[in-house]
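Chemist: Please find one structure pasted underneath; my questions will follow.
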Amino acid sequence: MNGLPDKLHDIYEEVARRNAGEAEFHQSVYEVLTSLGPVVQKHPEYVDSEVIRRLCEPERQIIFRVPWVDDRGTVQINRGFRVEFNSALGPFKGGLRFHPSVYLGIVKFLGFEQIFKNSLTGMPIGGGKGGADFDPKGRSDNEVMRFCQSLMTELYRHLGEYTDVPAGDIGVGQREIGYLFGQYKRITNRYESGVLTGKGMTWGGSQVRTEATGYGTVFFVNEILKAKNDTFEGKRVVVSGSGNVAIYAIEKIQELGGTVVACSDSSGFVVDEKGVDLDIIKEVKEVRRARIADYVDIRGGAAHFVEDRNVWSVPCEIALPCATQNEINGDEARALITNGCRVVAEGANMPCSPDAVKYFTEAGVTFAPGKAANAGGVATSALEMQQNASRDSWTFADTEMRLEQIMRRIHNRCLVTADEYGQPGNYVAGANIAGFIRVADAMLSLGLV
Ligand code: NDP
């Protein structure tokens with residue numbers, strides 16, 4: 001690999017060798033290490049103490065069988081994962097993903113990314129991630145419940161409000177968190193609200209948690225625009241996905257005066273030049289759990305569906321990838337640049353490939369990495385834990401105000417840190433370095449752990 005100082009290069013080589021076949025994990029480690037050159041030059045103690053090498057090795061990795069019975073009476077076997085990556089700053093914290101593509105390399109990339117994201121929030125949360133290769137699509141509520149109960153029957157022993165606190169991610173929303181929490185409570189005989197976040201409002205959830213990642217990403221972009229004396233007003237925006245993050249990103253963009261002209265799911269994308277109708281998207285994706293193509297049937301008019309994954313061919317000024325990892329590669333990045341895109345912010349985790357990020361940087365497109373831009377979700381989870389611990393519950397307006405302040409602080413921390421390390425305006429460097437230093441300093445203080 002080019003571009004890494006010798007010491008970091010050796011660490012990367014070791015990660016690649018010891019975690020063979022885990023391409024996404026390699027990519028996420030490489031992405032962080034490429035920012036740390038100036039840090040280790042200024043602070044050789046991070047290398048001498050092996051804190052970087054230690055950061056790349058999870059504290060604990062759990063892989064387990066998840067047997068369950070489907071509605072036809074057939075036994076199904078899935079594989080469950082929890083990677084407890086780093087607890088220097090607080091209990092392991094990070095979502096669970098249910099998707100057929102889940103394997104150890106994806107969970108490790110997400111867990112690694114989560115360490116720095118959680119650190120950047122300034123809150124007392126470590127990094128972890130988990131999930132299963134279970135596909136909830138087309139499964140009945142009862143099947144999803146039985147699956148969640150079986151998963152928790154193993155996972156519960158590793159969790160706890162001071163130990164490891166999961167939340168949702170792809171394929172895991174409030175329904176799944178409910179089934180997981182119900183089983184945890186049943187097995188442990190404890191109403192331990194702080195053990196999971198993303199809970200329903202009537203049983204320990206926080207206002208704004210559902211909206212937090214999407215809203216937070218848009219608040220972050222709003223800070224970018226403000227720094228350029230600009231606003232969302234009248235901007236054309238493309239958002240990929242139509243799940244939790246995408247829906248609430250669209251909601252906030254519309255509130256701030258932007259026009260979202262396209263969004264997608266894994267079957268294709270819809271284009272609606274008048275601006276997508278969010279009520280219809282919510283009806284199709286949240287209520288019916290159907291395909292995005294149904295949007296066009298309900299909306300009519302000039303809205304149309306394209307059976308292709310490349311929503312990035314639709315011209316826009318701001319692009320928010322909110323679906324999944326590596327959804328924008330070099331070709332898609334070039335198309336966005338050619339069509340006049342000026343700001344890209346990652347609502348999803350690692351949706352832009354290294355090539356894409358390189359093209360954006362070379363073309364002067366402002367690029368906000370996920371570990372900064374989408375940190376609003378986990379930050380609001382930490383607010384949920386705070387409310388659970390104090391048996392309190394805040395209003396929507398109060399919680400949203402806190403979220404906006406947190407996103408502003410993360411934005412400013414990225415810029416100040418990028419300046420301090422000689423890379424003004426570079427959000428990737430700012431996020432990686434600021435996230436790294438807080439967790440690395442905590443690890444040094446805690447001795448050899
Ligand atoms: P959801 O399951 O709610 O939605 C995911 C969306 O992305 C769906 O529209 C889905 O389409 C689409 N999608 C998933 N996989 C693919 C794929 N391989 N190709 C094309 N489209 C795909 O998940 P979330 O909205 O919660 O998560 C989206 C992203 O945001 C993930 O990267 C997640 O890690 C990240 N994130 C989520 C947070 C949260 O609080 N939920 C916090 C921080 C980051 P379909 O319906 O067809 O599957």
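Positions of Cβ are set from backbone N, Cα and C atoms, glycine also.
Copied straight from TrEMBL:
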ACT_SITE  Lys129  active site, proton donor
BINDING   Lys93, Gln114, Lys117, Gly168, Ser381  substrate binding site
BINDING   Thr213, Asn244  NAD(+) binding site
SITE      Asp169  site 'Important for catalysis'
Chemist: List, in sequence order, the same-chain residues at least six positions removed whose CB sits under 8 Å from that of Thr213 (NAD(+) binding site)?
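Modeler: In sequence order, Asn244, Val245, Tyr248, Ala249, Gly347, Asn374, Gly376, Gly377 meet the Cβ cut-off.
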Chemist: Of the recorded positions Lys117, Lys129, Ser381, which one sits closest to Asp169 (site 'Important for catalysis') when you measure Cα to Cα?
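Modeler: Nearest candidate: Lys129.
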Chemist: How far apart, in Å, are the two Cα atoms that lie farthest from each other among Lys93, Gln114, Lys117, Gly168, Ser381, the residues recorded as binding substrate?
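Modeler: So the maximum pairwise Cα distance among the substrate binders is 16 Å.
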Chemist: Show, in sequence order, which residues other than Lys93, Gln114, Lys117, Gly168, Ser381 on the same chain lie with their Cβ within 8 Å of the centre of the Cβ atoms of the substrate site.
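Modeler: Once Lys93, Gln114, Lys117, Gly168, Ser381 are set aside, the remaining close residues are Gly94, Gly95, Asn118, Ile125, Gly127, Lys129, Ala167, Thr197, Gly377, Val378.
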Chemist: Under 6 Å from ligand 1 by C-beta, which of these recorded positions make it: Lys93, Gln114, Lys117, Lys129, Ser381? Sequence order, please.
Modeler: none
Chemist: Using Cβ-Cβ distances, find the residues under 8 Å from Gln114 (substrate binding site) that belong to the same chain and are at least 6 apart in sequence, listing them in sequence order.
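Modeler: For Gln114 (substrate binding site), the qualifying residues are Phe85, Lys93, Gly94, Gly127, Gly128, Lys129, Val378.
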Chemist: With a 10 Å radius around each C-beta, find which of these binding-site residues (Asn244, Ser381) has the fewest other C-beta atoms nearby.
Modeler: Asn244
Chemist: With H, G and I counted as helix, E and B as strand and the rest as coil, say where DSSP puts Gly168 (substrate binding site).
Modeler: coil
Chemist: Here are the recorded positions: Lys117, Lys129, Asp169. Which has the lowest count of other Cβ atoms within 10 Å?
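Modeler: Asp169, out of the recorded positions Lys117, Lys129, Asp169, has the fewest neighbouring Cβ atoms within 10 Å.
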